[in-house]
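Q: I am attaching a structure below and will ask some questions about it afterwards.
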Amino acid sequence: MTDLKLAAQRALNLMDLTTLNDDDTDQKVIDLCRKAKSPAGLTAAVCIYPRFIPIARKTLREIGAADVRIATVTNFPHGNDDIEIAVAETRAAVAYGADEVDVVFPYRAFMAGNEQVGFDLVKACKEACGSQALLKVIIETGELKEEALIRRASEISIDAGADFIKTSTGKVPVNATPEAARIMMEVIKAKNPKVGFKPAGGVKDAAVAGQYLAMAEEILGKDWVSARTFRFGASSLLASLLATLGHGDKPANTSGY
């Protein structure tokens, strides 16, 4: 297997296959779940809005893909600073049966100088997840922009109990970048290597995925990269990976994520 194919296979098994669109329907989520059971193996998870968790769970069981985890989003996509709402949404997501919750850090309040609300929101949402769900914190690096802000938001999220830190919602102009990824993984190495990392948005093909995997191995070691500590948030990436692996043609890109 070539290096590119190896990267494609690894990336596929580390993917949170995502649909987070305003026009999502039960049928679109059913189709997404079927894609998660790909000709080259299972994706790590699907990532969907909370109301679709029951239909996703049912579909994954029916197709023999119950090992695919179900991730959802809260405080999404704007990262508001209302802790009560974020916690209520997170509790509801866990009650629906989410295995993982991707919560948006209150990045605008943080950029305005309020570090405490970020810590408190992440801590409260982690408590709401209990032992039932992993908490991934989206810090929205494309809006933070500055290295110092990306570093500090990563530190606060980890200190507050995040299981993963994630670059982006996919809903702003700039999503995952190698520069932001390096900063975030350096913080993970310094603070707690048990915390995972998820680049989201802008990872379009096996070559780009391979660059992120190589960076993760360089910073945190070859044994660190697994579905427990590394995910790709993506939608259009799957078709490209399957094409690289010899399964069908690469269709047109239909999503910015």
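Even glycines carry a Cβ here, placed using N, Cα and C.
Grabbed the feature section from Swiss-Prot, which reads as follows:
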type     : residues : note
ACT_SITE : ASP102   : active site, proton donor/acceptor
ACT_SITE : LYS166   : active site, schiff-base intermediate with acetaldehyde
ACT_SITE : LYS198   : active site, proton donor/acceptor
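How buried are the listed features, and what sits near them?
A: For the recorded site, ASP102 (active site, proton donor/acceptor), the DSSP three-state label reads strand.
DSSP classifies LYS166 (active site, schiff-base intermediate with acetaldehyde) as strand under the three-state reduction. Around the Cβ of LYS166 (active site, schiff-base intermediate with acetaldehyde), the same chain contributes ASP102, LYS136, VAL137, ILE138, ILE139, PHE197, LYS198, PRO199, ALA200, ARG231, GLY233, each under 8 angstroms and 6 or more positions distant in sequence.
The Cβ of LYS198 (active site, proton donor/acceptor) has 26 neighbouring Cβ atoms from other residues within 10 Å, across all protein chains displayed.
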Q: Could you check what DSSP calls LYS198 (active site, proton donor/acceptor) once collapsed to helix, strand or coil?
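A: The three-state answer is strand.
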Q: Specify the count of other C-beta atoms within 10 Å of the C-beta of ASP102 (active site, proton donor/acceptor).
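A: Neighbour count, Cβ to Cβ under the 10 Å cut-off: 29.
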